[in-house]
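A quick write-up on the structure given underneath.
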Amino acid sequence: MEKLKRFLPEDQYEKLAAINNPYLHEFLAEWIEWLKPSKVFVCTDSPEDEEYVRWKALYYGEEKMLEMPRHTVHYDNYYDQARDKANTKLLVPKGVTLPFLNTMDREEGLKEIREIMKGIMKGKELFICFFVLGPRNSIFTIPAVQLTDSAYVAHSEFLLYRKGYEEFKRLGPTKNFLKFVHSAGELDERKTSKNLDKRRIYIDLVDETVYSANTQYGGNTIGLKKLAFRLTIQRAVREGWLSEHMFLMRVNGPNGRKTYFTGAYPSMCGKTSTAMIPWENIVGDDLVFIKNVDGTARAVNVEIGVFGIIEGINEKDDPIIWQVLHSPVEIIFSNVLVKDGKPYWNGMGIEIPDEGENHSGKWWRGKRDKEGNEIPPSHKNARFTVRLEAFPNLDKEALENPCGVEVGGMIFGGRDPDTWPPVREAFDWEHGVITMGASLESETTAATLGKEGVRAFNPMSILDFLSVHLGDYIRNYLEFGRKLKKKPKIFAVNYFLRENGKWLNEKLDKAVWLKWMELRVHGDVEAIETPIGYIPKYEDLRELFKQVLNKEYKKEDYEKQFKIRVPELLAKIDRIWNIYEPIGNIPEELFKQLEEERERLLKAREKYGDYISPFSLL
């Protein structure tokens, strides 16, 4: 405490002295001394402290005001527009190897990051902010402290997370908190990070601390988002619960019944559009904690806000988000085009001006970057940051419930043109975890990999954020379900089937799949048993299409969508098997489930041929 007293003005020192936690004080003293900020501000939970951060984001030029009240815009460096996978490393003890993951020797990594961060905040203001992941004062709560010299990062976290200063006071001398140290580093004249060659995001799994330097892009800097996620996955696997990359939503059943679903979808597979279906309710769009509470799986949204991709959001397809983005609620737009104080983005469905300011500085149509690429009006990864309370379809009670909500179903959403049917239900927990969650793939489009139709393996949509061995992660999933008295049903969906180049489903058909899943959770409708799980009966879907979309659902459409495509399904089993086999430390159950599914498909092929009509299986 003596050190802190030396570094801080009295009013800021008193805020820290009110927290009885020597571990926290020691950590803060060490880093304030190392970073050498010219000024330190400690954020409590008061609205005044939040307002101070908001004002500082404008004062330091990291954000600018827009025409609509409470809207601001932030720009990242032209070359700092996405998660930096190459320089995001998990620091692990010598000799530890984790397949698929970018690891580095811990001692080496700590030495390098300390060197980069030495005195990096000279002439800058350090903000010390306290937050919690999950609701406060609950079995889900994980406290976290963020050190940053970016008022934009601190402001973003106030929109995305619950404040945690009082929680730190309540908890007293605990070591059980996550730590984040961030510096944007030296800034250029546009107030964006300059030294991108020294951009580093190092995640210390031993000390549960994340260091991030010379970057501002949210995915690299907003500590509590995907950086904390790596730490909570490790914790969940160690302690026997689930920390997942999933939405949490309420599907409204007959007679006012409320059923909650979680959903894991790789990007471009329909995650946001599912969570935002207009007549259902959202609890969260990105991260959930799921715990066993008295034998039941209960889930909470880790966050209270949305850090969403804005590209393509338009009034017709995304009426709810569109309404929020045009309301005078607090929103930070990032890396969009601004003209006359109004934000514009690619694919918004209205005319975009031919000039303005964007992530490249002064912009005009046809402008090219130094590599000769044409610069679009907004970056494809441009974002909006807003609190969930701005959404009219928010289930506020579920968001704030410290006990979480009971999970009725878990959905895994893949993307392929010719393999998975639009919706199906697993036979049981193990079957769902392995053949749906652990087998998740998404077909990439030509734009991302230069090759149409490459299937990217992404189990549980978590591969980019994994911090433990994949085998341990899957083993924990299986164990978690086995200990539940009441298991959620597991479903898989695929909105992207094609035939002769044409989509087999329309965008809103997913609303019907949700209603069917809700009915199945409660055993209200029967289903057809197939080699890959249960699929809906035609009559039930016909009725739901009429009820939900006021649309006639034709028998031939049902047959095309739900036929069992044996050759493609067998090819997928081989692909998944060949990915897991060389890894080692994979649960035996995975190969057992894949083998059983293969046998069921081969048996069905003998009887019905390569492509099986759902009507043959009645």
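Cβ atoms are placed via backbone N, Cα and C, with glycine included.
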Listed in Swiss-Prot for the GTP site shared with M268, C269, G270, K271, T272, S273, R383, one of R230, R235, R415, R424: R415
Of the candidates K226, K258, the one that Swiss-Prot places in the Mn(2+) site of H245, D286: K226
Identity of the substrate-site residue among R70, R83, R498, R520 (reference: Y217, G218, G219, S267, N381, A382, R383, source: Swiss-Prot): R83
Among M268, C269, A382, the one of these recorded positions whose Cβ has the fewest neighbouring Cβ atoms within 10 Å: M268
Neighbouring recorded positions, C-alpha within 10 angstroms of D286 (Mn(2+) binding site) - of C269, K271, T272, N381: K271, T272
Number of Cβ atoms other than its own within 10 Å, given for R383 (substrate binding site): 26
Nearest of the recorded positions (K226, H245, M268, C269) to Y217 (substrate binding site) - Cα to Cα: K226
Least Cβ-crowded entry, counting other Cβ within 10 Å, from the binding-site residues listed as R83, K226, H245, K271, R415: R83
For G219 (substrate binding site), nearby residues of its own chain (Cβ under 8 Å, 6 or more apart in sequence): A82, R83, K225, K226
